[in-house]
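Trainee: As annotated in TrEMBL:
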TRANSMEM  45-73  transmembrane segment
TRANSMEM  108-133  transmembrane segment
TRANSMEM  160-186  transmembrane segment
TRANSMEM  198-219  transmembrane segment
DOMAIN    207-333  domain 'Fatty acid hydroxylase'
TRANSMEM  262-285  transmembrane segment
REGION    355-378  region 'Disordered'
Amino acid sequence: MTTKEVKEDACQKQATLEEEEKYHCFQAYFYKILDKIWSILPNSLGVLVATILIFLAGTTMRGDWLLILVYFIKQFGNNSSKNEEDNSSILETEGFSMVNYRLQNVHFYVLLSAIISYGYYFVLCGFLQWYFYIRQRDCPEKWKCQPKKFLSWKDEKHEIILGSICMGIGATISGVIACYIMNGGYSALYFDFTQYGWLYYFLSAPLLFIYMDMAAYYFHRMYHLPYLYKHFHKWHHRYKQPTAFSASAIHPFEFVNYQVLLALPMFFVPIHWSVYISVLSYIFYYGILDHSGIKLEAIWPWQPNSMFHDDHHQFFHCNFGFNLTLWDKLHGTYRIKSRIYNENTFYGYGKSTKDANKEELEEHENVRANERSLLKED
């Protein structure tokens with residue numbers, strides 16, 4: 001390197017250090033406030049508060065809280081007759097108008113969705129970050145999926161910026177859909193519990209859950225094909241030790257695809273709004289937990305623990321499912337500890353130790369040694 005390049009490199013490093021110091025100063029101020037609040041709460045109440053906050057983070061980070069509010073208003077607001085009147089008046093409107101598309105006042109819905117979503121995103125994900133990564137950083141073996149590894153400051157900043165962009169996109173999509181439905185737009189979701197009978201109502205919940213998880217598995221696995229992975233999904237796998245902020249840190253194109261996938265049942269399948277919102281909230285709630293990097297056992301027999309998806313980030317091309325292990329076990333993509341997985345071994349099956357090179361074998365042995373030591377500590 002020339003003298004000029006050395007100086008430029010030194011200046012860049014200094015600027016990075018100053019930026020990191022400012023970031024940590026802000027963190028310290030915010031977390032100091034949380035420390036004071038938390039010290040007042042009894043332990044049992046603290047656990048309850050943490051659970052509620054995680055749930056809120058899951059339902060708000062993409063703006064879905066607004067959909068919940070809209071459907072709640074439509075269920076209990078007795079505005080069906082008003083919607084019918086609105087529909088007839090819309091048909092009489094000529095020329096281009098937001099009213100024609102049932103999007104009057106859409107700016108209000110999008111702005112409200114974005115403001116609340118961003119507020120919840122930073123406060124609630126910041127809370128999780130503080131509760132574990134700051135408050136319990138000295139004992140990671142007690143709570144962390146990968147206790148010997150932490151996300152670098154650079155990657156932490158990257159996931160927050162990318163996650164914020166995607167969350168803005170999600171809040172916009174939710175705002176538009178909420179506005180459309182509130183103004184009488186078409187939706188396959190229904191409001192009368194007895195419209196399709198109670199049996200259909202109760203069966204629709206597990207069926208919708210299975211559809212969403214199955215669709216997410218195949219969608220996710222598709223994005224692990226070499227071309228799609230290298231150009232899109234690799235952005236998300238930059239975070240080998242994910243945190244709550246990683247949940248929405250995805251390539252924007254992929255993020256929109258996923259949002260469309262989740263929204264499809266809303267327009268094509270008759271489902272009661274409470275079932276749709278409940279299943280969606282469940283998926284987003286565990287989406288936060290699975291990306292938190294925190295060792296958490298699932299309370300439901302079908303739900304894998306958080307290590308399942310954390311392993312996906314650590315080993316890349318395996319464990320493609322989210323809320324069920326069924327699809328991975330069915331297709332042979334469930335991680336087998338005796339096989340080797342890395343970023344360049346695609347399709348979810350790993351490779352045999354017989355086919356691995358010396359470097360891969362050494363890495364595999366280190367991983368297995370760490371896993372065995374963690375089992376002993378547990």
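Cβ atoms here come from the backbone N, Cα and C positions, even for glycine.
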Trainee: Considering only the recorded stretches 108-133, 160-186, 262-285, state which has the highest number of Cβ pairs under 8 Å to the transmembrane segment (198-219).
Mentor: 262-285
Trainee: Should anything in the same chain at least six residues away from the region 'Disordered' (355-378) have a Cβ under 8 Å from its Cβ atoms, list it; otherwise answer none.
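Mentor: Here the qualifying positions are 141, 147-148, 337, 340, 342.
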Trainee: Averaged over the domain 'Fatty acid hydroxylase' (207-333), what pLDDT does the prediction give?
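Mentor: When the pLDDT values over the domain 'Fatty acid hydroxylase' (207-333) are averaged, the result is 94.
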